[in-house]
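Enquirer: Quick one: the structure is below, and I'll ask about it shortly.
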Amino acid sequence: MDYSNYSLIKLIFFLILFNYSAEAICVPRNSKPSNTQVPSSSHTQVLTTIAEPPSETTFSTARPPTNSPRESPRINLINQAMKPEVFSAALDPSVKKICDSTDYSDVCLASLSTFLIPGKTDPVSVLESAIKAATEHAKQAMSQAMKLASAPNLPTRKANALSDCQYMFSDALDNLQSAMEALPSRDLATVNSMLSAVITDSQTCEDGFSGVSPLADFDATLRMMGSNCLAIASLIQ
């Protein structure tokens, strides 16, 4: 036997066998299994969840309220006075010193800023301006009480309370007028009596309601203004 030919034949056979085996076990790069399905795994579910937009509930607590809460007359009064062209009138050191002697200095400065007479910063003049401011506020409170009383189907107790408040605010206006008239003669006894009555009027209005009073803010501000007026009156010699 020619061993050289035998070796050549053996090598060719080995190469053929090797190529056949390679085709059987190797997967070409560009080929895909024909029957392969994408598994429904947890990863797929996570991606789906992330892709979905957040629900409306997710952001409901982060949105600002549609309607702003109603501001109290005191806050409205102070905000109005904080305007530079208005508040500058109350920046006089003498006026600030007088308001600092009151229990509610912010309300004092805010209310005086509109009613101060230029150049008049003595306690009597400042008290006149404070009484005028309180009078204007009492008128607004009266208007609000009348508006609330005109609502249809009011419960009897609430209707009666609103009627009483109208009377109290009317009485407060009379008392403020009496205090103003007693001021030029320095009749401080009458001034103090009338201003104290204003505070009582506002509290009497509150007492007529069961639960939360719809005029609580007006009454509270009127009491503060009345208290400030009494404090300013105490400075008059």
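Backbone N, Cα and C define each Cβ position, glycine as well.
According to TrEMBL, the compositional bias 'Polar residues' annotation covers 31-48, 55-70. If you look up TrEMBL, you'll see 90-232 marked as domain 'Pectinesterase inhibitor'. Among the features that TrEMBL reports, region 'Disordered' is placed at 31-72. The signal peptide feature in TrEMBL is assigned to 1-24.
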Enquirer: What is the number of residues in the domain 'Pectinesterase inhibitor' (90-232) that are helix, strand and coil, as DSSP sees it?
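Expert: For that range the per-state counts are 111 helix, 0 strand, 32 coil.
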Enquirer: Over the span of the domain 'Pectinesterase inhibitor' (90-232), how high is the average pLDDT in this prediction?
Expert: 93
